[in-house]
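Colleague: First, the structure itself, so that you have it in front of you.
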């Protein structure tokens, strides 16, 4: 297998995408944060002392998508044309499901931006609720869809 992020000397490099065609690209990532029922109820009711947990997590996820290249060394800075973070409060399983949809028109995909958005949104929920629930678990972060570019459509069965 040929690793594109390794140069001839075996050192890390950023892949040159200058010859790639610009195409419309989209990536969708999901993840979950499990918590106590009481924590989920308080998020839903808006009674967490630090504020509106989901509003802050939504903004944090968007900011994270926009700043992915600052956190992951080999990611290209990308002009994101759209980013949407959504939440589903699952009271039966005592968790919040997080979904990020990131779009661009460019020479490289936005998979890492979508994954980073979900991760940081989950971390923000953890941060805002840790005073009442240190048993929260962030898990199941994965790419579920990618479209555009040479490799075309990828969809994970979930």
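From the backbone N, Cα and C atoms, a Cβ is placed for every residue, glycine too.
Swiss-Prot feature annotations, pasted as is:
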{"type": "ACT_SITE", "residues": "127", "note": "active site"}
{"type": "BINDING", "residues": "74, 75, 76, 112, 113", "note": "substrate binding site"}
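Help me picture where these features are in the structure shown.
Modeller: Every protein chain shown contributes to the tally, and the Cβ of residue 127 (active site) ends up with 15 other Cβ atoms within 10 Å. Under the three-state DSSP scheme, residue 127 (active site) falls in the helix class.
Residue environment of residue 75 (substrate binding site) contains 18 other Cβ atoms, counted within 10 Å of its Cβ in all protein chains.
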Colleague: List the residues of the same chain that sit at least 6 positions away from residue 76 (substrate binding site) in sequence and have their Cβ under 8 Å from its Cβ, in sequence order, or write 'none'.
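Modeller: Same-chain residues close to residue 76 (substrate binding site) (Cβ under 8 Å, separated by 6 or more) are 14, 15, 17, 69, 107, 108.
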Colleague: Just name the most isolated of the binding-site residues 74, 112, going by other Cβ atoms within 10 Å of its Cβ.
Modeller: 74
